[in-house]
């Protein structure tokens with residue numbers, strides 16, 4: 001088969017679950033999607049666990065999802081790689097970690113460990129902190145090792161941070177500062193938020209509490225949950241200062257870039273991702289910081305990597321380029337790295353034949369305040385590009401079900417799902433009716449279909465539920481599969497031979 005045009009449209013965070021009063025997908029008016037499922041071949045995909053290179057039972061996420069989608073093979077994830085290193089003991093002999101300790105000992109300075117403290121497994125993992133504590137103990141530097149906590153509440157229950165931090169404190173960690181991820185891990189150019197976290201860790205600016213647990217408990221009593229805990233200081237002796245060493249425990253890059261750049265390469269923090277917006281003030285940033293990133297974050301982050309970046313050949317975008325086809329990558333800010341950097345296997349340089357379309361995400365504290373986000377603007381930009389008739393394929397992401405789903409607001413997420421389905425409809429109809437092309441419509445993981453946990457409390461994390469996949473081509477049958485099977489399916493539709501490196505299989509059943 002050889003289609004004129006084949007698109008992948010990702011409804012981020014829209015999974016499958018039984019109808020209920022906490023399922024924003026089934027509560028929403030999804031008539032267009034329902035009709036697609038009735039009219040065209042469809043099936044389900046696994047987006048979690050070993051099918052996407054994670055430990056069994058571990059929920060998927062957008063980074064993992066887009067890596068697998070673009071690679072056309074199972075990509076073993078950072079979480080699994082680090083877990084294996086801890087298990088086989090190589091973690092404790094890691095040269096980057098050893099160099100960080102050597103730097104601190106040479107300068108008679110401190111060793112800092114920082115990152116998201118939770119068992120969500122999306123950006124970081126509790127077990128990795130315990131291993132880093134054991135490492136510091138082995139290296140006889142515990143007396144000057146400090147922990148800078150970023151609380152979660154997004155990939156975990158909203159007030160679970162207290163328990164996670166208590167576990168680390170009981171283990172022996174000396175906590176210096178605490179910041180909600182809303183501040184420390186912003187990725188949408190909200191520099192004022194990042195500034196508060198950075199200044200707390202480096203200058204001691206912010207509220208002070210006698211203990212990390214006291215500060216977290218105080219936030220809860222004020223109605224502030226983990227994600228939004230305002231940066232506070234526990235121990236001024238543990239601030240990040242000149243000549244210190246830092247190990248950043250986050251293994252996912254997108255929300256680690258800002259703080260890591262500011263610490264390791266302050267001059268770059270003045271220009272990175274500014275786009276004319278207020279920048280981070282690094283005039284008082286500590287000097288000669290030796291920063292170890294758990295994984296590669298971005299070129300602006302200086303210092304060794306604990307685990308080198310995996311490299312992949314013959315990714316979907318590269319195969320498209322080799323065949324002389326032109327492609328679109330489109331998303332709003334929140335998911336833009338996913339359709340570019342992650343979909344291309346961690347490669348930052350745009351492919352020569354690709355056009356990138358970005359709609360800026362709205363500047364609101366939380367996306368339940370604007371559940372439509374920038375979906376309409378993104379849709380208009382995409383259709384305008386498609387009207388040129390220049391392209392043979394497209395990767396398009398609608399962020400709404402996931403980003404609004406993370407707020408725990410059922411009604412807002414219902415609206416987010418409806419807007420997404422509406423916009424998917426506009427783009428899909430144009431592809432079918434104007435281009436004579438085909439669209440694969442799916443999700444990269446679940447979220448919006450489960451908005452309450454078993455106790456009736458807000459559920460803001462991803463799920464391990466199956467997700468839908470539909471191909472707008474009649475006369476074929478779809479098998480069930482995993483995200484690694486999507487790139488081979490796109491190539492199948494375009495009449496391009498799948499490279500050997502792609503071990504995924506086309507979802508289209510061969511007759």
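FYI, residue positions are counted from 1 along the chain as it appears here.
Backbone N, Cα and C define each Cβ position, glycine as well.
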Given Swiss-Prot lists 12, 444, 445 for Mn(2+) 2, the same-site residue among 62, 78, 480, 506 = 62
Which one of 296, 462 goes with 402, 406 at the Mn(2+) 1 site, as Swiss-Prot has it?
-> 462
From the binding-site residues 12, 406, 462, pick the residue whose C-alpha lies nearest to the C-alpha of residue 123 (substrate binding site).
-> 462
Residue 253 (substrate binding site) has how many other Cβ neighbours within 10 Å of its own Cβ?
-> 24
According to DSSP, which of helix, strand or coil covers residue 123 (substrate binding site)?
-> coil
Quick one: largest C-alpha distance among 123, 154, 155, 181, 187, 252, 253, 254, 255, 335, binding substrate per the record, in angstrom?
-> 17
For residue 406 (Mn(2+) 1 binding site), the nonlocal same-chain Cβ neighbours (under 8 Å, six or more residues apart) come out as 154, 367, 447, 460, 461
Would you list, in sequence order, the binding-site residues among 155, 187, 253, 255, 445 whose CA lies within 10 Å of the CA of residue 402 (Mn(2+) 1 binding site)?
-> 445
Non-local Cβ contacts of residue 445 (Mn(2+) 2 binding site) (under 8 Å, 6 or more apart, same chain)?
-> 12, 13, 15, 47, 48, 59, 60, 61, 62, 64, 65, 402, 462, 463, 467
